[in-house]
Each structure stands twice: as structure tokens, then as C-alpha cells.
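Engineer: Swiss-Prot feature annotations, pasted as is:
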| type | residues | note |
| --- | --- | --- |
| REGION | 1-23 | region 'Disordered' |
| TRANSMEM | 44-63 | transmembrane segment |
| TRANSMEM | 68-90 | transmembrane segment |
| TRANSMEM | 115-135 | transmembrane segment |
| TRANSMEM | 138-158 | transmembrane segment |
| TRANSMEM | 166-186 | transmembrane segment |
| TRANSMEM | 190-210 | transmembrane segment |
| TRANSMEM | 235-255 | transmembrane segment |
| TRANSMEM | 256-276 | transmembrane segment |
| TRANSMEM | 296-316 | transmembrane segment |
Amino acid sequence: MTLLGRPAATDTCAAADSPTGGVSRSASLGTYIRAYIALSKPRVIELLLITTIPVMFVAAQGVPPLGIAVATLVFGTMSAASANAINCYIDRDIDRAMRRTRRRPTAMEQVTPRGTMIYGITLAVLSTVGFVVFVNWLAAALSVFAIAFYIFVYTLLLKRRTAQNVVWGGIAGCMPVLIGWAAITERLDWAPFILFLVVFFWTPPHTWALAMRYREDYAAANVPMLPVVASDRRVMLECVLYSWATVVVSLLLWPIADTTLLYPVAAAVLGVILLAQAHRLYNQVRAGVSGSKLKTMGFFHLSNAYLALLFVAVTIDPLLANALR
């Protein structure tokens with residue numbers, strides 16, 4: 001969600017024929033680079049890496065092989081960036097209509113649609129080839145599935161049609177967990193699927209908390225996010241239910257992955273904090289609190305911290321287990 005400075009007006013058609021592949025000739029090199037970085041949505045990628053790195057530690061039962069880990073992170077970043085860039089191409093009309101996203105490069109015409117697609121497709125091809133050559137076929141296949149699911153299922157099929165868009169569309173955001181595990185073990189087991197479900201159930205309340213803050217944006221863009229089409233009470237009830245599912249599923253990793261006590265204790269403590277905040281907001285809604293008085297962004301930031309710290313515990317646990325042996 002990088003914000004770029006507003007450039008002088010440019011001729012889109014001229015930009016499309018630019019030798020730089022889609023950025024106006026008048027654009028500086030710095031603006032050119034920043035625009036393409038912004039297309040990748042770095043903050044979204046950061047979140048994906050938060051889940052990829054820890055699962056490799058669990059899969060390796062300690063520190064993963066450095067070469068495989070670095071390759072997975074590099075090509076995983078490229079894979080996510082490709083999907084995000086193509087998403088920017090498809091959703092450029094929505095981005096122009098929303099205050100939160102109207103400074104994205106495609107919305108501001110810093111990068112042309114043609115340049116955006118070339119960038120996205122190139123990254124998709126390079127990431128897939130990189131996974132095949134430097135990691136393994138299973139990780140490559142999962143990466144391709146994640147890109148295709150995000151573009152065709154979430155962006156094209158679900159986002160503009162259903163209030164459950166982020167529920168099922170969130171599957172793409174869960175894939176780095178499986179990719180990280182497959183990169184190390186060349187197979188899939190129950191443990192990564194538990195962490196997959198943690199991210200799956202975590203995504204809707206996290207996203208809806210943000211959408212409640214920007215519901216007018218989504219309404220203006222005709223995106224039927226749950227906070228746009230449902231009451232605050234309904235939204236917060238679902239946030240509570242999905243938060244409970246997140247916490248319960250997170251505890252299943254303890255017996256399935258045979259962790260030390262560090263992980264379940266951390267998961268329980270973090271879960272109590274997450275649930276307390278979700279219930280607090282729900283109770284406020286039931287008491288009639290609404291609008292700006294309902295501090296949903298606090299829950300949004302807390303849920304970010306919850307997931308990050310949970311996966312820190314996932315990372316540390318196998319290291320502790322090795323130290324105790």
C-alpha cells in the first residue's frame with residue numbers, strides 16, 4: 001500500500017508505446033522503480049513471508065537449508081508480486097474509486113495496463129522456473145495454483161460478486177504455508193494444513209475490520225464486502241466466530257507437530273488476547289456503538305500482531321526442541 005506522489009498528467013497512449021514498457025517518458029527513474037515496487041504490494045508480501053519462513057523451520061525440525069530457504073523466499077516473493085500486479089491491472093477501476101487505493105500506480109496511470117501485465121506475467125514465469133530449478137516441482141505447482149487462484153477465483157470471480165469474497169479468496173493467502181513446507185520436505189503433511197487453516201480462519205475478521213473502516217470506499221466501488229452489505233452486529237459476530245476458529249485450530253498444531261510446551265502456551269495466550277478484543281467490539285456493537293466510535297482498526301492491527309507472534313512461536317519451537325534434546 002505504498003503511496004506515491006501524484007505526477008503531472010500524462011498521455012496514457014503515449015505511455016503505452018514508451019520504450020520503458022509502460023511508464024511515461026517524463027517519469028524519473030526513481031518514480032519508475034517505485035511504481036513497479038508498489039504494484040507488487042510489498043506490505044502484503046511481508047505478511048506472506050511471515051508465514052513462509054516459520055513453516056520451513058517446522059518442516060526441517062530446526063534451521064532449514066540456507067539455499068532452499070533463500071530460493072523459496074526469493075521466488076515466493078516474485079510469485080506473490082506477480083499475482084498482486086495482475087490484480088492491480090484487473091482492479092484499476094476499483095482502485096480509482098476508492099480513497100484508500102486511488103494512489104496505486106495503475107489508478108494514477110503511472111504505469112499503463114500493458115506495462116502492468118507484462119510485469120506481472122514476467123514475474124509469474126520467472127518465479128515458476130525458479131521454483132522448478134532451485135527448489136522442487138511441488139513447490140512450483142503450489143505457487144502456480146496460488147497465482148491462478150488469486151487472479152481467476154478471487155479477483156475475477158468472487159471479489160465483485162459476493163460478500164464471502166475474502167473467505168474463499170483468502171485461500172491464495174494461505175498457500176505460502178504449503179509452499180514453504182513442500183520446499184523443505186517435497187511432500188505435504190498434516191502440520192502445514194493446520195497452519196493453512198489458521199491463516200484461512202484468521203483472514204476474514206482481519207480483512208473485515210479494515211473494511212469496516214473503509215466501507216464507504218468499498219460501497220463507492222461496488223465491492224460487496226460484508227461490512228457494506230451487512231449490519232455491524234452481523235459483521236462483528238462473524239469476526240468473533242472466525243477468531244474462535246482461528247484460536248482452536250492453532251492449538252491443534254501441538255499434538256500434530258509434537259511441539260514443546262512453548263507453542264501451545266504462546267498460542268493460548270495470544271488467542272485469549274485476540275478473542276478478548278473481538279468480544280469487546282461485539283459487545284460494543286450490541287450496546288449501540290457504531291461508526292467512528294467503533295475502533296475496528298485496533299482489532300486489525302492486533303490481528304496482525306497475533307499472526308506475526310504466533311508464527312514467531314512456530315519458528316522458535318523446533319529450535320527449543322533441539323536444544324532440549
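Glycine is treated like the rest: Cβ placed from N, Cα and C.
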Engineer: Would you say the transmembrane segment (138-158) and the transmembrane segment (166-186) are in contact under the rule of three or more C-beta pairs closer than 8 Å, pairs 6 or more apart in sequence?
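Structural biologist: Judged by the Cβ rule, the two regions touch, with the required three close pairs present.
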Engineer: Count, for each of 68-90, 235-255, 296-316, the Cβ pairs lying under 8 Å from the transmembrane segment (115-135), and report the range with the highest count.
Structural biologist: 68-90
Engineer: Looking at the transmembrane segment (256-276) and the transmembrane segment (138-158), are there 3+ C-beta pairs under 8 A, with each pair at least 6 apart in sequence?
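Structural biologist: Contact between the transmembrane segment (256-276) and the transmembrane segment (138-158): absent.
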Engineer: Going through 44-63, 68-90, 138-158 one by one, which has the most CB pairs that fall under 8 Å from the transmembrane segment (296-316)?
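Structural biologist: Against the transmembrane segment (296-316), the leading stretch is 44-63.
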Engineer: For the transmembrane segment (44-63), give me same-chain residues lying six or more residues beyond its boundaries with a C-beta closer than 8 angstroms to one of its C-beta atoms, as numbers and ranges.
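Structural biologist: Those are 69, 72-73, 76-77, 80-81, 84, 173, 176-177, 179-181, 183-185, 191-192, 195, 199, 257, 304, 307-308, 311-312, 314-315, 317-319, 321-322, in sequence order.
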